[in-house]
Structure formats: C-alpha cells, structure tokens
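> Below you'll find the structure I mean.
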Amino acid sequence: MSADDVVYDLVGLGFGPANIAIGAALTEKWQQDPTFSIKNTLFIEKHEVFRWHPGMLLPDAKMQISFLKDLATLRTPNSPYTFLSYLHSEDRLLSFINRGSTVPSRKEYSDYLAWAAQKVQDNGVKVKFGHEIIALDDGPDGTIEVRYRNVRTQEETLIRARDLIIAPGGTPCIPDFLQPFVNHPRVSHSSSYALKIGDMFDSLNHLSRPLRVAIIGSGQSAAEVTIDVRNRLASIPSTGRHEVDMLIRKGSLKPSDDSPFANEIFDPASTDAWFSTGSKHLRDAILAEYKQTNYSVVNPRTLEALYEIIYGQRLNAAVSRRTNVEEPSDPVINIKPYTSVLSIQTVGSQGERVRGELLLSPEGASASKDEGFVMVTKHMMTGAESQTNYDVILYATGYQRTAWVELFKNTGIAKHFGITPSTSKVVLRPSADLVGGRQHQEFFHDSSPSTASSSTVSTPPTSPETSRFSSPISSRIVSQDLYLSRSYQLLPKDGENTLRPRVYLQGVEEATHGLSDTLLSVLGVRAGEVVADLASRYHSSA
C-alpha cells in the first residue's frame with residue numbers, strides 16, 4: 001500500500017451528478033473568493049469514466065424535468081455550468097430553442113453531465129476514476145484517513161482529508177425471488193438494460209422460435225423497457241409472434257403527477273418545510289401524499305405511447321377475425337395486473353429444472369446460458385396461480401440507497417456517530433427532531449422469508465430486503481438513529497467532541513430532506529448549501 005503525503009481539504013466518495021454539482025460550486029467559489037481555504041479536493045469514483053444511467057439511454061427517451069433544474073441555474077443563473085452554457089459551448093443553443101421544449105432528451109442530458117464533469121476537472125477539481133474507497137479511520141491532526149484501491153489492480157493508497165462528502169448513489173433493488181439469478185446472463189435490472197439486452201438476444205438468435213420476455217415493475221423504467229424490448233424483438237426472425245409480458249402488482253399502470261402545484265414539492269423551499277417538520281409520522285404522511293410524483297408511476301406521454309401499441313394489437317386482432325386475414329407478426333405486449341411472483345426456476349434444453357440456489361456459483365451461472373425460466377405467478381385478487389416459460393427476465397424495481405451504511409459502519413470513524421459493525425439498520429433523522437432527544441432502538445425482528453404474496457415489489461423498499469436464504473429464526477436488529485443538519489452534515493453523537501472533520505451525505509436523505517433529495521431537482525441549490533457550510537467552518541475559525 002502506498003501513502004500520499006498530501007492532505008486534501010475535501011475528499012468525495014463518488015463522482016456522479018451530486019458531487020459534480022459540488023465540484024461546480026467549489027470552482028465558482030474559488031473564482032469569487034481567492035482566499036477560500038478549501039482548494040485541494042479529490043473525488044474518488046469507481047467507474048473508469050463518468051457514466052450516468054448508461055443502461056437506460058434508450059432511443060427517444062426524454063428527461064422528466066426542465067433543463068433549468070440543472071447543476072447550477074437555480075443557485076447561480078449566470079454560472080458557467082448551466083445547461084444553457086453547455087448548449088452555447090456546443091453551438092446548439094438556437095437549435096435547442098427551435099425545438100420548442102424545455103425538456104431535453106436523456107441522451108443530451110447525459111452528455112451535459114459528462115461535459116460538466118470534465119469542466120470541473122479542467123478548473124482544478126481532481127478525480128480518481130477506477131478507484132473505490134474501502135476504509136475511513138481517524139487520522140492525525142484532525143483529519144480522516146481515507147484508504148482507496150484501484151479497481152483493476154487492487155493497489156491500495158492511503159490519503160488524509162480534512163472533510164468528507166459521501167455521495168454513493170443508488171443500487172438496484174433486487175426482489176427476494178430474483179436474488180439467486182442476479183448473475184444469470186439473461187436476467188438484468190433496468191439500470192443495466194441497454195448494456196446487456198443486445199447480448200441477451202444475440203444468444204437466443206439460433207432458436208428460431210418465438211421468444212417471451214418478462215418485465216417486472218410498473219414505473220417509468222419498466223414502461224420504457226417494455227416498449228424498447230418490443231421494438232428490438234421485431235427485428236428477430238421467428239416462426240411465430242414474440243411476446244413481452246409486463247408483470248405489475250397494481251390493477252393498472254398509473255400516471256405520474258407532474259402538475260404545477262404538485263411539482264412544488266421538489267422546490268428548495270419544500271426542503272426547508274420538510275426538514276423542519278418535527279415528526280416522522282408527518283413526514284411519512286407527506287411522502288405518501290406525493291408518492292405519485294415519483295414512485296411506481298409512468299409519464300403520461302409514455303403511457304399514451306404504450307396504450308397506442310396495445311390498442312393497435314386489439315385492432316389487428318379484430319380485423320383478422322372479421323376478414324380471416326392473418327395478423328401482422330409484430331411482437332405482442334401483455335400487461336398482467338395484480339400479479340405476484342411466487343417462484344422462478346431455470347429449465348434446461350431437455351426440460352429439466354434447476355434450483356435458483358445453484359446459480360449463485362460461477363459454474364452455475366456459466367452453465368445456465370442455454371436455459372430458459374419457469375415462473376410461477378399468483379393473481380392477487382383471485383388467488384389463481386399460473387406457470388409461464390420465459391427466455392429473458394428484466395426487472396425495473398427501482399433503487400435502494402442504504403448500501404453506504406455497510407461501508408460506513410465498519411469504518412474507524414463510525415463510532416463518533418454511535419454506529420458499530422453490529423448496527424443492522426440506520427434511521428436518518430433531521431436535527432430538528434433532536435428537541436425530543438436522541439433515540440436508540442433494539443428490537444427483535446422475524447427474519448423468516450417473506451411470504452410469496454409479498455415477495456415482489458414494484459417500488460423499491462427503503463432498505464434491502466432480508467435474503468430468502470437467511471435462517472428462519474428471530475434475530476436481534478440494532479437500529480441506530482443518525483442525525484443530519486439542514487446543510488446535510490452528519491452530526492456526531494452526544495458528547496462527541498474529538499471528530500474535527502465534517503462528514504456530509506448527498507442523495508440518500510429523502511427521509512430528512514424530502515422527495516427531491518434523490519433526484520436532480522435541487523442539485524445546484526444543495527451543492528451551494530454544502531459549500532457554504534464548509535466555508536463557514538473556516539470563517540468561524542479565522
């Protein structure tokens with residue numbers, strides 16, 4: 001392991017949109033205030049290059065927000081990091097205006113983020129791509145020792161930081177029934193869809209028979225993937241019609257509420273109101289009220305496109321019945337409402353079935369390349385069970401944002417926040433709740449596998465689900481409250497005065513800062529607030 005003698009003023013975990021916005025706010029601060037003390041910064045990113053949802057960069061996919069909710073406009077409209085600055089630098093400003101829409105394509109917004117990522121580096125922000133942080137410990141002289149490693153070579157490096165920002169992003173939420181199949185070459189979360197679907201279908205070309213694809217989920221990603229899969233299947237020769245089954249637990253797909261009044265829940269002012277609400281019960285009620293702005297819903301334009309396809313199928317079937325003319329061979333989309341997945345098994349070319357547990361090994365995953373799947377589902381209203389064979393399973397079940405806890409609780413600095421390796425659940429609370437005193441909970445939790453009827457989710461849970469292979473006995477879960485300031489700083493436990501560095505969280509604080517926290521809506525404003533809080537420390541100590 002090598003050691004870097006440089007002490008960084010700020011080290012960031014991750015270099016996605018949240019920390020790019022931080023980098024942009026920092027470089028603007030450097031321009032405005034040459035005496036600003038936070039100058040030497042480093043962000044550590046696991047990917048080899050900047051990537052933003054590459055698995056969902058689908059043809060014609062649109063963003064769900066105005067371009068004005070970019071990395072900087074709501075904070076500093078004349079910032080060099082705005083979407084308009086990007087368009088101007090790319091000589092597309094007039095062309096974009098002529099489009100007559102404030103909503104860019106997902107491809108263009110991804111390119112904007114990549115442009116901004118490079119621009120902050122050009123302006124002095126250091127980034128280590130292809131590396132990941134593996135340890136955080138107390139360092140000398142009021143610093144944090146940060147140990148990271150090269151993902152490819154596994155070489156480790158030790159550095160020191162005066163302050164730390166953790167912006168880990170989300171990780172795919174995997175339903176229990178799919179856990180054994182995560183390494184299967186023809187099973188994928190929507191986050192990897194565009195990167196994998198080509199190889200999946202290429203591996204099935206030799207079959208020359210109708211293919212059947214299952215898509216699990218009822219949100220925007222599930223709907224987009226369903227349409228894209230149908231379009232791709234149309235170019236694959238077959239002796240019959242390919243089928244795409246969209247499995248949803250609801251009775252129907254629901255539209256997202258993007259009306260002007262509902263959209264105000266994503267305004268920066270709503271962050272203040274949410275944070276100052278001194279009751280978890282009330283915050284949960286607000287979340288439930290506005291759930292249809294973001295969770296398990298589909299943009300009305302996408303719904304219309306999907307329904308038009310299904311209506312066309314019904315029209316073709318009716319014309320065929322009346323005229324006795326064969327229907328077009330276009331792939332068929334079937335939406336299956338009130339559907340719960342009970343079990344999945346793989347089936348070999350000879351019809352033999354293989355338990356999912358065997359696929360957890362590399363050998364099992366390799367041996368499964370020519371297998372299909374048998375899925376048993378249950379209609380949640382009638383209780384009727386059915387069995388269907390599939391060639392590909394895609395799941396758009398959202399993301400969970402608690403993976404950072406596993407790293408953090410095993411670090412040397414976790415003790416300053418009352419977190420230990422035995423902590424199995426962290427509950428984020430706003431510092432406004434401290435009026436009632438800190439809370440610490442230990443309770444018994446039944447960790448037996450969940451029942452089949454509740455094993456699949458269309459909306460990601462707020463924490464990872466219990467593994468279906470866990471022991472069916474009660475286990476003690478230690479739940480620890482972790483408090484955040486309005487400026488996103490993790491607050492040390494009561495009586496803790498030995499930790500001088502500040503630790504900030506980004507993009508995982510929906511429970512404390514509201515619905516917009518995991519989205520792009522407030523990135524620019526939030527970055528400005530964090531940088532201002534960092535600056536206040538140095539001003540107050542001057």
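The backbone N, Cα and C atoms fix where each Cβ goes, glycine too.
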> In Swiss-Prot, the residues Asn263, Glu264, Ile265, Phe266, Asn294, Ser521 are said to bind substrate. Which of Lys69, Lys107, Lys119, Lys126 is said to bind at that same site?
Lys69
> Which has the fewest other CB atoms in a 10 Å radius around its CB: Ser218, Ser221, Ser296, Thr518, the listed binding-site residues?
Thr518
> Nearest to Ser218 (NADP(+) binding site) by Cα distance: which of the binding-site residues Arg51, Glu264, Asn294, Thr518, Ser521 is it?
Asn294
> For Arg51 (FAD binding site), just count the other CB atoms lying within 10 A of its CB, please.
19
> At its widest, how many Å does the recorded substrate site span between Cα atoms of Lys69, Asn263, Glu264, Ile265, Phe266, Asn294, Ser521?
16
> Note the Cβ centroid of Lys69, Asn263, Glu264, Ile265, Phe266, Asn294, Ser521, the recorded substrate site, then list each other residue of that chain whose Cβ lies within 8 Å of it, in sequence.
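Going along the sequence, the neighbours appear as Ile65, Ala262, Asp267, Ser270, Thr293, Leu515, Ser516, Leu519.
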> What Cα-Cα separation, expressed in whole Å, is found between Ser221 (NADP(+) binding site) and Arg51 (FAD binding site)?
18
> Binding-site residues Lys69, Gly219, Asn263, Ile265, Asn294, Ser296: which have a Cα within 10 Å of Leu520 (FAD binding site)?
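Neighbours among binding-site residues, in sequence order: Lys69.
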